[in-house]
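In what follows, a structure is listed as structure tokens, so that the remarks can point back to it.
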Amino acid sequence: MSNAFPIHIPSVPYTKSASKLQTLDLWLPRPLSQSPPDSTVWIIYVHGGAWRDPLQTSFGILPTLSHLSGPSASSTLDCIAGIASINYRLSPYPSHPTHPSSPDDSDRNVKHPSHIQDVATAIQWLHAEYNVGGEGESKYERLGIGHSCGATLLAQVVSGIGLHDGSPNLGAALKPTSLILLEGIYSLPLFMTTHTAPHYPADIEAMYRTILLSAFGPEQSTSGSTSTTTWTEASPTSGEYGREKWSAGKLVVVAHSKEDELVEEEQAAVLIERLVECGWAEQPVDGEENGGKERVGRRVEMRWLRGKHYEIWEDGGQIAEVIGDVLRRWGDICG
């Protein structure tokens, strides 16, 4: 590892006896001794890929990093202490055209909630190693960013979905302070019903059903309930986002493109509705609101993006813009 900055530290294991995918990549723009916790934050990135795509990895943050490293984004980079991009174990994908999964590959044969537990374990590791989150003046605040199912995973983590007995004990104070959720899937039943006949042909319906079966198993009624299913319980729209479950939460930016051909904008709408039910205030990003008063408290903002589903992360420019906007307002957000 070179002492020249910025530095990239690849494939860092975040648990004992870590598998290949139980790792994260770190980028430090400068020595941490030059990144005061009172004026810089950590970014925690979680990639997408329908819980199963082996070509989606921690390197999905690279296009965004290229924009953050440009001269026009220097003020944004000045606010960042470090960036952690998390890998996590995947669900089976035996039909992948170039990298099919094998039944004996433990990294690519997990189901819910293993993906969530890996992300939570990585966040725990960041706290232990770099004082990211927790209590005290010396802690670093943290901004979570997720694309597609990475957004799903972050919403599940902060609301405690999939984190039960025997899971990582991710205390409320360790969870990200704010989230930027990009093109996410927040209601699994809606994700399925949206892509069924007569709206979509049979092969498309089969593809979406296979994705959900691979990651979550068959949709079944939960114990003691005829109206709630396992897919409903696993959905972020069933999560609890109040202070008891997520005391650190300050801001959620729900970002979506009307041009997304894989995930419909209704997913963003149902998550915002759930956050409002949990006491969050829905407020626009631009213009005056609340009679010209400053935005205070726990709030959710809708941000419209441009481009298709994969173009959002493959270009990274819009992600960098949203990061810059959030970090410029960080003092007000956390104040």
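Any Cβ shown, glycine's included, is placed from N, Cα and C.
Automatic, uncurated: that is what TrEMBL annotation is.
What TrEMBL says about this one:
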- 47-51: motif 'HGGXW' (MOTIF)
- Ser148: active site, nucleophile (ACT_SITE)
- 219-242: region 'Disordered' (REGION)
- 221-238: compositional bias 'Low complexity' (COMPBIAS)
- Asp260: active site (ACT_SITE)
- His309: active site (ACT_SITE)
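Positions of TrEMBL features highlighted on the structure.
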residue: Ser148; record: active site, nucleophile; Cβ within 10 Å: 28
residue: Asp260; record: active site; Cβ within 10 Å: 21
residue: His309; record: active site; Cβ within 10 Å: 19
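Long-range neighbours of the motif 'HGGXW' (47-51) within the same chain, counting only residues 6 or more positions beyond its ends whose Cβ lies under 8 Å from a Cβ of the stretch, are 57-58, 60-61, 85-87, 90-91, 112, 115, 146-151, 183, 211, 214-215, 313. Cα-Cα distance from Ser148 (active site, nucleophile) to Asp260 (active site): 11 Å (rounded to the nearest whole number). When the motif 'HGGXW' (47-51) is classified with DSSP, helix, strand and coil residues number 0 helix, 0 strand, 5 coil. Rounded to a whole number, the distance between the Cα atoms of Asp260 (active site) and His309 (active site) is 5 Å. Across the motif 'HGGXW' (47-51), mean pLDDT in this model comes to 99. In this structure, His309 (active site) is part of a helix by DSSP.
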